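Since the structure comes first, as C-alpha cells, the remarks are kept for the end.
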Amino acid sequence: MLLKIKMEPIANHQVILPIDYNHIIQGFIYDCLNKDLSQFLHEKGFKYHSRSFKMFTFSRLMGEYKLNKDRGQIVFTGPMYLVITSPVKGFFNSLAHTFLIGNIVRLGNNNLKITSLEGEHIDVESEEIIVRTLSPIVVYSTLLRPDNRKYTCYFQPGDPDYNRLITENLKKKYISFLKTEPPQGSITVKTLSPCKQVIVNYKKTIIKGYTGKIKITGPRELLKIALEAGCGSKNAQGFGLIQLKEQSNTLFFKDLLFKSI
C-alpha cells in the first residue's frame, strides 16, 4: 500500500531541515507507529538469515523549497508531501491512528500540521511496469581489498551485476516477509531516461543511488515487493521508493530535491 501525507508548517510558514534529512524522516515514521510495531521493525524486522528487512520505504520531501548551502539547510516554504509504502499489515492503520488523534507532528525542530492523507492500494497486473523513482535506488556489494579491508562498491543501471543484485534482494525480502519460496525468474531493469546519480550523507555514511524513469520486468510477485517494500537496498533509510507511471497523474511528485554530481 501507498500513503501520501500532506503537511503544512505552523510557525513562521517555513520548515528548516538539514539537506541530508533522511534520518529525520526515518525517525518520524518510527515515532508515529505504535510502540510494539515500531520496536519490532526497528529492532528485529523480517529476518533472512543474518539480514533484517524493515519492509517499508519513503520518498524525498516534495514541495517549494530554498537551499542554503552555506548552512547545509533546506527551507520549505509551503505545503510538503511525503510518500510512504509498505506491505506490512497494520502499518498504515497505525500511522493514520496517530495522525487522527493529534494532527500536529514534529519533524526535526519543526511543528507541522497534517492536512491530508491519501491511501492507495498497489496492484501489479503484468510482468512489466514503468516507474519513476521518488527516492534513489541503491544497489551495492561489500567487497574485500587485497589487505582484507572491506569497501562498498555501488552499481548503476546497466552494470553487469545490477539486475542480479536487484533480483537477489527482492527474493530475500519475499522469503523473509511471506515465509515461502519466491517465484522463478529474474528482474531486468532498463532505463527510459538518463539516470542521475544521487549522493546522500546518512549519519556520516555516504550512500550513492540513482534516479530516473525505468522499466522493470520480472515476476509480478517480485514487482509488487519492489513497489511496496522498496527497490534495491537501504529502503528504511529512505531509498528505493518507485512509483507506477499511471499513478503520476494523481499524485503531485514534481518537486523532488536531489543532490548530484
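Glycine residues also receive a Cβ, built from the backbone N, Cα and C atoms like all the rest.
Small disclaimer: the values here were computed from a predicted structure and weren't measured.
Pulled from TrEMBL:
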- Y30: active site, proton acceptor (ACT_SITE)
- H42: active site, proton donor (ACT_SITE)
- 125-243: domain 'CRISPR associated protein Cas6 C-terminal' (DOMAIN)
- K54: site 'Transition state stabilizer' (SITE)
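Locations of recorded TrEMBL features on the structure.
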residue: Y30; record: active site, proton acceptor; DSSP class: helix
residue: H42; record: active site, proton donor; DSSP class: helix
residue: K54; record: site 'Transition state stabilizer'; DSSP class: coil
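Long-range neighbours of H42 (active site, proton donor) (same chain, six or more residues apart, CB within less than 8 Å of its CB): Y30, K54.
Regional average pLDDT for the domain 'CRISPR associated protein Cas6 C-terminal' (125-243) in the model is 97.
By a simple count of nearby Cβ atoms, those within 10 Å, the most crowded of the recorded positions Y30, K54 is K54.
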